[in-house]
Each structure stands twice: as C-alpha cells, then as structure tokens.
C-alpha cells in the first residue's frame, strides 16, 4: 500500500508522465478472502458506500484495478471486472491459469508465471541432488492446481515426493487433530527437504507448531507466494529457520522512497505515506493528520528510524516493488492512450475521455524502466519475464535481538540459455547446523536411498517410488562406471570386470603355449621322440639287408617309421596360439598320420597271415605272396581317411575360437573343430582300424616268431587301443589347454607304444645281438 500511494504521488508530481492529470485512488483490503474481495470490488465499481452492482453512484469512475496479492482473490476480482472490460494488474498472483487470455483477457501481472518457479525449484533440487522431498500445501484451489503441476514436473525429472499434505486454511486451524497428523508425518519422514506451497499464515502456524515439539529440523523451501518479509513470528524461530531457502520475485530499488520513509511526520504533515506507516507499525497517526478510522496521536519523537532496517530496506523490496511497477505500467498505458485520443478537457474526468477497454490495448506496449536501466514489459501472456532471486535465511543479531536476514545466494532467469538459467553460489549458503552435523559447509542430503557407487546398480523396491532402491552388485563380467547406474554394462567378450566391477579389463588369455611348463615339456617330449624315431629309421636304413629288417615287409617298416615320426612332430601344431592354418592342419594331419600308422600295422599282420597260409599244400593264397597287397591295403585305408578329412574341411572346417564361459576372467583360445561329427568320425575310423588290427594280430599271435611280429603287434595294438579308449572320457572332461594336452598325450603315448613294441626289440637285436641277425639263426629257430 505504501508503494502504491508513493507511486501515485510521484506520478502526479511528474510533468513528463500524465501532465496536467491528477490520479486518484481508492484502497480496499480483501483480507485474502474471496468473499471480501467480491464485496470490495463491487463497492469500488459502484463508487459509493452502499453495494449497488451495475450502478455507478459517483461522478468519478474507475479506469483500472491493481490487485490482488493472492491468486484466489485475484481470480474473483478478474471475473467481475472482466465483465465490464476493466484492466487489472496483479502484483502477487502467479497462478498458471491466468495465462489463458480467453478466460482472463484483462488480467496482467507484474510477477512471473508460476511455471517458471516450478522450473526453478526443479533445477535447484537437481543442483543439490535432492531427489526425495515433501510438500505441504494449503487447502485452496490455486495451491491444489499449482502443486499438481509441480508434482508432474518433479516426476518427469526423476524427483520423488515422499508426502504431499494438505494443511487447512486459516479458518480450519481449529482442526487440531488434522494439523497434528500432518506435523507428525513430516517429523517421521526421511526427506530432509520440505517445500511449502502455501501462504505465509499457514507457514507461520506450521513452523510454530512443529518447532514447539522439538522435532528434527528440515531444510525448508518457501515459494514466492509464502514469503514476503521477516516478521516477529519468524524472528522468534531464528534457530529453527536458519538455512531456509526461499524463492522471491525480483527485488528493486524505489528511488526516493528511503528519504520519504525516514522523514519526521511533523516535517511532512500532509504525507499520507508516512501517516499510514505510522499507523501500521505504531498504531497511531501523526498529530497533524486526521483519518476516519483512527484518532490516536503519535508522540512527537516518533520516527520510522525506530523500526528494524529490514522493514524499510527499499533496495530489497520485492512485492512492494511489484506494486510500484504495476502502478507505473498503468500510468504508462494511460499516458499512451491519452496521447492517442487526446487529453481530457477542462472540468472533465479521465473516465470521460478514455474507456477501460481502450486502456487494455495500451498495456500491451507499456514498459517500466527500472533504476538499473532494465526495460520491463508484459509478455504476450500478460506476465513479466520469469526472474527469481534465491535467498538464504541467515541468523543475525539486530538491535532488537536475534533475527533472520534474507541473503541473496542465487538467481533464476527463464530467458537465459538452457543450462544457464540457474546461477547459485553454494559457498554463500549458511545451512542449519541442526540439519547437517558433520560438515557445515556442505549441502545436506535428501534421498530415499543412498547413491549407488560404481560397481553397483539400482534395484527398485517393489511398491516404492523410483527414488527408493537397493544397491545390487553387478554380476560377474558386468560393470557400472557411474554413480546411480540403472543397469550394469556387459563387458566385451575379450574383457572382464575387475574386483570393484567399475571397469572392464582384458581377460587373461589362456592357451597351451610354448612358454609354460606343460607346453614346453610336451614340445621337448615330442622332439625327443621324433629324434629317436628318426634314429631307428637310420638304423634300419643302414642295416636294410639284414634278416631282421627284411623280415615281414621292409617297405612297410619304413612307412610305419615315417608315419610315427610325423605323428610325433604333428604335436607341434597343437602347441601355441591357435591360428587359422594350425587349426585346419592339426586334426587332419594327426588323423591321416595315425591312419597311415595303423594301416601299416594292419598290413603287416595281413602279410603274416598270407605268408603262413601260403605254405599249406594246395593253398589258393599262395598266388598273393610277393604281390603288393600290403601297399595297396595301406593306400586304400589311408585314402578313406583322406576322403573323410576332405569332406570335413570343405563342409565345416576347424577355425580359431575362444571360450569365455568356462573360467571366470579367462578367455581360452582354442580351435573349434567346426563339426564335432566329423571329428569323431576321424577318431572312430582310426578306432575301427585299430580294433581290426588288434583282432587279427591276436588271432595269429602264436605263429612262429621267426616269421612274424604277431606278438609284438598284438601288444602294441593293445597299448594303442587302451590309450584311445581312455582318451575319449578324458577329452570330454577337461577344458581349455588341458583338453589339448590330453590329446597330445594320447598321440605321444600311442605313437610311443607302436615304436616301442614293434621296433625297439629289432633295434636291440641289430645293435646288441648281431649274431641273431643272420639267416642261419632264423632258419635254426624255424627248424
């Protein structure tokens, strides 16, 4: 009211704004009550002391309305005045519905739209990481609608509301039980941040009731609609309200108001501003002024300097500044309208010259120039830009004792680029030490669940909001490298999770290499065995005309020694990092070499059978003696295996592969056989030839030793078959490089069995008993 009267007086004294025109005014108090607002609106329109709707009872008529502070009262005023096309400028109502120019075409505001405040709240909560909050609202239409919009915006930004409690309006404070339920709910809540979406009367009542029971302190966040100034009630609760954050409409300096306020009432007997302030704060009027509603006179030493500075801190007025701005914007519109239509004539009134609906057009182009040089005008929705100050209530000591001082710690400007709308200085904020006991300089935490560290993921609790969750460790092979991860990320197949499960690290590569003990041991054994085989071949070549070498097909012995030699060497293909070439050759080479070896053994046995049966009279087998039956038999048996291997290589060849499932954190490099059926067909065919050789050798084992090797072949085939029968379960039960080692061991053992059982006895005779390596000795044994 003071700013309104001061602005009217200032405008009336200006020559550049509405010259030769004196603005008048009438002031009524709606008492924040809709019924009162309706009554006072009709009284203002009628112009008399008696309510007379649709009648004007005085010569001077209204051209516009300024008010009200609350949304509910502003709405009913707008509904009534809009019928008669009266422009209305509200200085405190931020309800989002007022942007509807169809429903409220004549309503303007010098405060921002409430949706900007909602955006500012969300950005503030996200700035401090507060995702678990409570809301207390007043039981009125505007608060219900605005809080619902806020809830939707909070939900879209991942912020959860633990409770939303409706606190009764002033008329319902008598419902003590209902109010205590709300207070107890706030006390029990785990949310440390509570947003107040209510008027100041409800806020004061709630805080007084809450703190009287010494309940745990919270971080209170007040919206612009619930905080205008610090009064006696709030000063009495300094210890409990310290650290409160409040959103406030823009502040501004009203030039000259400080000097006007600090003038002595005696020096300005006709200054109604000072008179009203004296009555508001001291309950009396200056001796030189008379009003109808009070005659108590103030002492001569009364001055506004006796009041706390905050009450007349003109540089930080907010709602007062909005009223001042509204008055000037209306004056600018009047000035523009009169300039277009021509001013009133002598003895005429302003309302005779300009009609309310004509003034509405000019309000769209009106602007207010602040003391800082900023030009403020209405938007297309009838609002001013969304600018808010964020203040922190700091406990200080004043003349009258402890008090609260709102200190600006941040700003919000909806016109700024995204990401730069909220600017806040955390270091300037003084938090309530009763809320944060560990570190006064850091912001308190308000979460339903503590943040999940890297290596964990959020698991929502059934039936709870999304902000309530448990932190579950990532599974093996998965990581989360950020805080509060919703899901764990599966590492690439070549990687594995570390112990903390916050980073993927390369898997340990495992294969049978030349560098480890097992690999180097098998290589050494293979090479030594190959050298021994080569030595035996050389011995046989040197003594190739001796009876021992010539007995039972010398050529087959050479072929058998060569196949055993290559069988030992093919082991080298199994050791080392699997490559495409080695994977293709290892099983094929092994299969063909062993088939050749077993074929030679079978051919030797068949040769013994033919040779023995050919000596019988009238035997038809005699014609096969001396022919190349054994060589053709070896060739035929080997070609079958070669055919199997060719089909395998063409249809589904082996290839390098890796296994990441057998061992944790390891990647086993191996050769994938391509076709398991083809692999076991190769092994099966070898087993068939081995079994056939063993059966034939067993049947002829008792033939004279001078003519055959049946007993040695029988024993070698027994070793060979035993090794490969044991190989299959051992091969299936091992994994990784040990599978390869089992196969190598089977190759070396079976090859050594053939070498040792068939050729070592002969080499022993050649080297150490040459007297037995004669035809006479053989004939003598035969005889």
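Cβ atoms here come from the backbone N, Cα and C positions, even for glycine.
Annotated features in TrEMBL:
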- 517-544: transmembrane segment (TRANSMEM)
- 518-777: domain 'G-protein coupled receptors family 3 profile' (DOMAIN)
- 556-576: transmembrane segment (TRANSMEM)
- 588-611: transmembrane segment (TRANSMEM)
- 631-650: transmembrane segment (TRANSMEM)
- 677-700: transmembrane segment (TRANSMEM)
- 712-732: transmembrane segment (TRANSMEM)
- 744-768: transmembrane segment (TRANSMEM)
Confidence summary for the domain 'G-protein coupled receptors family 3 profile' (518-777), mean pLDDT rounded: 85
Most Cβ pairs under 8 Å with the transmembrane segment (712-732), selected from 517-544, 556-576, 677-700, 744-768: 744-768
Long-range Cβ neighbours of the transmembrane segment (677-700) (under 8 Å; 6 or more residues past either end): 587, 591, 594-595, 598-599, 601-602, 605-606, 608-609, 612, 637, 640-641, 644-645, 647-648, 651-652, 708, 710, 713-714, 717-718, 720-721, 724-725, 728
Contacting positions for the transmembrane segment (744-768) when only residues 6+ beyond its ends and CB under 8 Å are counted: 512, 522, 525-526, 529, 532-533, 536, 539-540, 543, 546, 548-549, 557, 560-561, 564, 567-568, 570-571, 574-575, 590, 594, 597, 601, 709, 712-713, 715-716, 719-720, 723-724, 726-727, 730-731
